[in-house]
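Undergrad: What Swiss-Prot shows for this protein is this:
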type: COMPBIAS; residues: 337-350; note: compositional bias 'Polar residues'
type: MOD_RES; residues: Tyr342; note: phosphotyrosine
type: REGION; residues: 327-350; note: region 'Disordered'
type: REPEAT; residues: 12-56; note: repeat 'WD 1'
type: REPEAT; residues: 57-96; note: repeat 'WD 2'
type: REPEAT; residues: 98-137; note: repeat 'WD 3'
type: REPEAT; residues: 141-179; note: repeat 'WD 4'
type: REPEAT; residues: 180-212; note: repeat 'WD 5'
type: REPEAT; residues: 221-262; note: repeat 'WD 6'
type: REPEAT; residues: 263-302; note: repeat 'WD 7'
Amino acid sequence: MAMRQTPLTCSGHTRPVVDLAFSGITPYGYFLISACKDGKPMLRQGDTGDWIGTFLGHKGAVWGATLNKDATKAATAAADFTAKVWDAVSGDELMTLAHKHIVKTVDFTQDSNYLLTGGQDKLLRIYDLNKPEAEPKEISGHTSGIKKALWCSEDKQILSADDKTVRLWDHATMTEVKSLNFNMSVSSMEYIPEGEILVITYGRSIAFHSAVSLDPIKSFEAPATINSASLHPEKEFVVAGGEDFKLYKYDYNSGEELESYKGHFGPIHCVRFSPDGELYASGSEDGTLRLWQTVVGKTYGLWKCVLPEEDSGELAKPKINFPETAEEELEEIASENSDSIYSSTPEVKA
């Protein structure tokens, strides 16, 4: 029988998980940060989901979170009208950046010297993190609250999305280069540096555009409203999740749906591939993060594939090296998504 998905579940949040981001690969592996309406962003080991720490200091829902490339700094965007920068090693708050309204999105430059923010006041702000007392540079032009803002093209350009528009800006001149208009709300945006690809979701559509010109490349239609999508680092697969609680996996080249399965017990708000492409993470209204294998049955992280000769001649089956727990909801997902037997119900406790 074909093996299918059973995820690792990362518990600890008490409200919906609305954003997540991976660091780059460091000498210590890679890391995962999550933003949650409980106001307590969390840092985890990326390949296992093991909880490392919680960043304490926000006084409202945290809408956006990111890590710099080497996972030494974190940044968060919150409903308390602030963005914060943190030491991701010690957990200490390094600076608080006051805004005039709710902040929704944050992104570091590649050298971690500048932070880009956006939110409900419709302004993009660029902070020089080496001069925390200096006023930020501001870019105006959006006509509604900014949902996502990202550096692109080696930090020479900026991509930003509001309700129904995606805009491309020149960093040096602070002027708009081009914009894309949609007939419905843009739900998410992801930038892939290799190949300069922009992934945009709106309605049931997953669209791919050139990040340099905003010209269309291709698009897929999903069976349900999609809130987030992510492109595999080697551009093999696309994963997406949305309002029907399901995760969808597509072949990027052909657009063929390869898998679909129940992923959570609430709408899925965010999906991202790990930097090595071995797994992807999803965050949901149900308050959990879940980690999924890109190739099921492969030995990786907490997953271990038992070969036939190691298992009394039976078919190979994935096992998870993790203490046994009793979580009924994961058993339900396992029964729906798997034709194989797993050694335990995985759970990461924060």
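Indices start at 1 and increase along the chain as displayed.
Yeah, the Cβs are placed from backbone N, Cα and C, and that goes for glycine too.
Looking at the shown structure, can you explain where the listed features end up?
TA: Through the fold, the repeat 'WD 1' (12-56) approaches residues 62-71, 74, 76-78, 80, 84, 86, 88, 91, 93, 266, 269-270, 272-276, 278-279, 281, 283-289, 291, 300-302, 348-350 of its own chain, all at least 6 residues removed from its boundaries and within a Cβ separation under 8 Å.
If one looks beyond the repeat 'WD 2' (57-96) by at least 6 residues along the same chain, the residues whose Cβ comes under 8 Å of a Cβ in the stretch are 15, 18-24, 26, 28, 30-31, 33-41, 43, 102-108, 110, 112, 115, 117, 119, 127, 129, 132, 148.
Note on the repeat 'WD 3' (98-137): residues 60, 63-70, 72-73, 75-79, 81-83, 85, 143-151, 154-155, 158, 160, 162, 169, 171, 174 of its chain, located 6 or more positions outside it, place their CB under 8 angstroms from a CB of the stretch.
Here the repeat 'WD 4' (141-179) has a mean pLDDT of 97 out of 100.
Applying DSSP to the repeat 'WD 5' (180-212) sorts its residues as follows: 0 helix, 21 strand, 12 coil.
Within the chain, the repeat 'WD 6' (221-262) has long-range Cβ neighbours (under 8 A, six or more residues past its boundaries) at 4-5, 187-188, 190, 192, 194-195, 197, 199, 201, 203-206, 208, 268-273, 275-277, 280, 282, 284, 292, 294, 333, 336-337.
Across the repeat 'WD 7' (263-302), DSSP classifies residues as 0 helix, 18 strand, 22 coil.
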Undergrad: What are the DSSP helix, strand and coil residue counts for the repeat 'WD 4' (141-179)?
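TA: When I sort the residues of the repeat 'WD 4' (141-179) into the three classes, I find 0 helix, 21 strand, 18 coil.
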Undergrad: List, by number or range, the same-chain residues at least 6 past the repeat 'WD 5' (180-212) whose CB is under 8 A from its CB atoms?
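TA: Those are 147-148, 150-153, 157, 159, 161-168, 218-231, 233, 235, 238, 240, 242, 250, 270, 272, in sequence order.
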Undergrad: Count up the helix, strand and coil residues in the repeat 'WD 6' (221-262) according to DSSP, in that order.
TA: 0 helix, 25 strand, 17 coil
Undergrad: Would you mind splitting the repeat 'WD 3' (98-137) into helix, strand and coil residue counts from DSSP?
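TA: Helix/strand/coil tally for the repeat 'WD 3' (98-137): 0 helix, 19 strand, 21 coil.
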